[in-house]
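*Asks:* Pasting a structure below so you can have a look.
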Amino acid sequence: MPPGPWESCFWVGGLILWLSVGSSGDAPPTPQPKCADFQSANLFEGTDLKVQFLLFVPSNPSCGQLVEGSSDLQNSGFNATLGTKLIIHGFRVLGTKPSWIDTFIRTLLRATNANVIAVDWIYGSTGVYFSAVKNVIKLSLEISLFLNKLLVLGVSESSIHIIGVSLGAHVGGMVGQLFGGQLGQITGLDPAGPEYTRASVEERLDAGDALFVEAIHTDTDNLGIRIPVGHVDYFVNGGQDQPGCPTFFYAGYSYLICDHMRAVHLYISALENSCPLMAFPCASYKAFLAGRCLDCFNPFLLSCPRIGLVEQGGVKIEPLPKEVKVYLLTTSSAPYCMHHSLVEFHLKELRNKDTNIEVTFLSSNITSSSKITIPKQQRYGKGIIAHATPQCQINQVKFKFQSSNRVWKKDRTTIIGKFCTALLPVNDREKMVCLPEPVNLQASVTVSCDLKIACV
């Protein structure tokens, strides 16, 4: 029986559809990678180590691909010709995913074209801190085995950059030891202090663990390590009591963790912003604030180190020095950047007692202050003042000669002097900018002067 007209139309239509679509030569759609996430544990089941490696690539920064073996890596978006960033978190009290990790990964992938691998060891880092410490060696071995798989794929040791947070910084150090210190870089974000301050260099992060090791210290009086552990060690705001963090224990968890986690947020901010988080070598924080360390000539030959992805932190000398303490001041919130200026006051006449002068920079309702102390029988004193706006945008400077007024007797002492300032690093004192006229100060009286500095 011949086909009816409707059947003929059906077959003809199907043939046309096949010719226009099925035979067009288009490849089937590329399957999307399966996205994985961090594990979650609790206080009772989080002590046994269980490691996941999650790969994030520039084309899909929000999707973590679970990569365990070589076949997983070959079938993923991993690119052996790019650099590899390995993020290792630290101790997790409650067994939860780090709140900062997603932002960190996305920011890192925006800042650089690289493979980013997050090491999830929630199982093994939860519960009791000392149990997590015991898992460090085993975790380091597992990470080393994983990195060996990358080397088989053609990755070079020097292209691997480990970023370790708190306890994760010492894990990174141990991994670096297993590779003979030939990994490219290790960044320790406030490396953990408990159990590590008195540990040997084989047991903790150390300058010998990679070609370049840096550490950012923000909580040296509590959860962070207080000793230098890298080639360059940034002691931010002296390494403790970060601005904007609670200073009293009644703030609870925030009091415990705010200073410690500031290193993470500083690093993320350094990746996001163009303003430099530049630091200056000095023997101590006190000496830095007193204006005794004005450049980076010793030991960096003028190349001041900076937080972020700049190669070797911007340090260009070889061989690299070790355990160099560098200091910087920050604001209380992102982007945290501060400019540092030297301020000097030269007395016209010597005095038989110390002279304390408060100096304040003003710009667009933003103020920054510092104190200059001139020792008795000395001509001048100096200090460091940090300001969020560029120096050339500061339009006024205020002075207050601080004196010990008594209730029954007002101090009417007057001093005269010359004020000068310069932006750090001060490599040439001829670049100092001085007020054109001497400053007359009476005890406890505020004096304002216009400040004009050209923008370069």
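Glycine too: its Cβ is placed from the backbone N, Cα and C atoms.
Found this in Swiss-Prot, in case it helps:
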ACT_SITE  Ser166  active site, nucleophile
DISULFID  Cys245-Cys258  disulfide bond
DISULFID  Cys282-Cys293  disulfide bond
DISULFID  Cys296-Cys304  disulfide bond
CARBOHYD  Asn79  N-linked glycosylation site
CARBOHYD  Asn365  N-linked glycosylation site
REGION    374-456  region 'Involved in the recognition of diacyl-phospholipids'
SIGNAL    1-25  signal peptide
*Asks:* Report the same-chain neighbours of Asn365 (N-linked glycosylation site): residues 6+ apart in sequence with Cβ closer than 8 Å to its Cβ, ordered by sequence.
*Replies:* none
*Asks:* Could you give me the DSSP helix, strand and coil counts for the region 'Involved in the recognition of diacyl-phospholipids' (374-456)?
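*Replies:* Secondary-structure composition of the region 'Involved in the recognition of diacyl-phospholipids' (374-456): 6 helix, 40 strand, 37 coil.
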*Asks:* Once the chains shown are all counted, how many other Cβ atoms turn up within 10 Å of the Cβ of Ser166 (active site, nucleophile)?
*Replies:* 30
*Asks:* Measuring Cα to Cα, how many angstrom lie between Cys282 (disulfide bond) and Cys258 (disulfide bond)?
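*Replies:* It is 26 Å, counting Cα to Cα.
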*Asks:* Cα-Cα, whole number of Å: Cys258 (disulfide bond) versus the residue listed as 'active site, nucleophile'?
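*Replies:* Here the two Cα atoms lie 13 Å apart.
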*Asks:* Over the region 'Involved in the recognition of diacyl-phospholipids' (374-456), work out the mean pLDDT and round it to an integer.
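*Replies:* Mean pLDDT across the region 'Involved in the recognition of diacyl-phospholipids' (374-456) comes out at 89.
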*Asks:* Just to verify a number: CA distance, Asn79 (N-linked glycosylation site) to Ser166 (active site, nucleophile), in angstrom, no decimals.
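*Replies:* Answer for this pair: 28 Å between alpha carbons.
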*Asks:* With DSSP assignments reduced to helix, strand and coil, which class does Cys258 (disulfide bond) get?
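*Replies:* The residue in question, Cys258 (disulfide bond), is helix (DSSP, three-state).
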*Asks:* For the C-alpha pair, I'd like the distance in angstrom between Cys293 (disulfide bond) and Cys304 (disulfide bond), rounded off.
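*Replies:* So the Cα of Cys304 (disulfide bond) lies 12 Å away from that of Cys293 (disulfide bond).
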*Asks:* So of all those recorded positions, Ser166, Cys296, Cys304, which one's Cα sits nearest to Cys245 (disulfide bond)?
*Replies:* Ser166
*Asks:* Cα distance, Ser166 (active site, nucleophile) to Cys304 (disulfide bond), nearest Å?
*Replies:* 25
*Asks:* Can you count the other CB atoms that lie within 10 A of the CB of Cys258 (disulfide bond)?
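*Replies:* Within a 10 Å radius of the Cβ of Cys258 (disulfide bond) lie 19 other Cβ atoms.
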*Asks:* In whole Å, how far is Cys296 (disulfide bond) from Ser166 (active site, nucleophile) when you measure between their Cα atoms?
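*Replies:* Rounded to a whole number, the Cα-Cα distance is 28 Å.
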